[in-house]
Amino acid sequence: MSTVKEQLIENLIEEDEVSQSKITIVGTGAVGMACAICILLKDLADELALVDVAVDKLKGETMDLQHGSLFFNTSKIVSGKDYSVSANSKIVIVTAGARQQEGESRLALVQRNVNIMKSIIPTIVQHSPDCKMLIVSNPVDILTYVAWKLSGLPATRVIGSGCNLDSARFRYLIGKKLGVHPTSCHGWIIGEHGDSSVPLWSGVNVAGVALKTLDPKLGTDSDKDQWKNIHKQVIGSAYEIIKLKGYTSWAIGLSVTDLVGSILKNLRRVHPVSTMVKGLYGIKEEIFLSIPCVLGRNGVSDIVKVNLNAEEEALFKKSANTLWNVQKDLTF
């Protein structure tokens, strides 16, 4: 006797099940799941795979998303502890790692998370050799370097989420001070995603009007409006949120989804993401820091050569030295 499905549906062709825009997220903690829901709501993937070693948590999160399938257009959500579920991904987002504790700097996390990367990165590449890898785990700049070394992929395809979120926070706070929406406030933060990040006050503008032309002291200690406090707030944001709710999630999830959209849709938008900066601004070491990069289907296709003033360049080099002093002693 035929089944209800056989009576209802007659199959006409055997379809190839290879996904065209598969995304894998490694790590189903707060950040990984924020990335997942944002990606689903933006309809960026035809298949979403989740990977984690915490099997019960993974199963629960997967079921929870699958039960919402009516409300988004991703046809397939899969998960597993085994990385075979990630096979043939276009983008692999790595959020796995030890969580930053209250008062702990991102750099203090480093060796713990380097050890985790050693068990993750080679397996990802084995199953998705053509993927673009997006590193989100902190300290993101150093871990992007580690992931690049472990993966054997071109540096252009191993990208750190970097200062994309720092710059978003920067623009939000500028907009809040001016009473203008963040999309109309333009400003960049480069360097480390962390305490040594560099605000490019020389380029901050609204509608092409550089704020520095209105007040040359903008962003300095002698600025009467205390714009410098905005950068201090950017640096302190994660610490404050972790103190208040235990972790950050939503803004980084939205930021990562923004990067994924630029890559998958080949938008060639410019983002401040962590990439190899050796040879730029006099930096001689293999270091990953955020600079404005063009993102498209091949990952980082171009970098924007920002004209830094003397103070900004000195701060960028200081940021590089801060990372190098930690990175040079890593073992992996």
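Glycine is treated like the rest: Cβ placed from N, Cα and C.
Taken from Swiss-Prot, the feature active site, proton acceptor covers His193.
Per Swiss-Prot, NAD(+) binding site is recorded for 29-57, Arg99, Asn138, and the stated evidence type is similarity to another entry. When other Cβ atoms within 10 Å of the Cβ of Gly29 (NAD(+) binding site) are tallied across all protein chains shown, the result is 18.
For Arg106, Asn138, Arg169, Thr248, the entry in Swiss-Prot reads substrate binding site, with the evidence type similarity to another entry. A sphere of 10 angstroms centred on the C-beta of Asn138 (substrate binding site) encloses 29 other C-beta atoms. Under DSSP, Asn138 (substrate binding site) is assigned to coil, being neither helix nor strand in the three-state scheme.
Feature annotation from Swiss-Prot assigns phosphoserine to Ser301; the stated evidence is similarity to another entry. Around Ser301 (phosphoserine), a 10 Å sphere centred on its CB holds 13 further CB atoms from the protein chains shown.
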Which of the binding-site residues Ala45, Ala49, Val53, Lys57, Arg169 has its Cα nearest to the Cα of Ser301 (phosphoserine)?
Ala45
Per residue, counting other C-beta atoms within 10 angstroms of the C-beta, which of the binding-site residues Lys57, Arg169 reaches the highest number?
Arg169
Listed binding-site residues (Met33, Ile37, Leu41, Ala49, Val53), ranked by Cβ neighbours within 10 Å, top entry:
Ala49
Relative to the Cβ of Ala45 (NAD(+) binding site), which residues of the same chain, six or more apart in sequence, are found under 8 Å away?
Ser19, Ser21, Lys22, Ile23, Ile39, Thr74, Leu264
What is the total of other Cβ atoms whose distance to the Cβ of His193 (active site, proton acceptor) is within 10 Å?
30
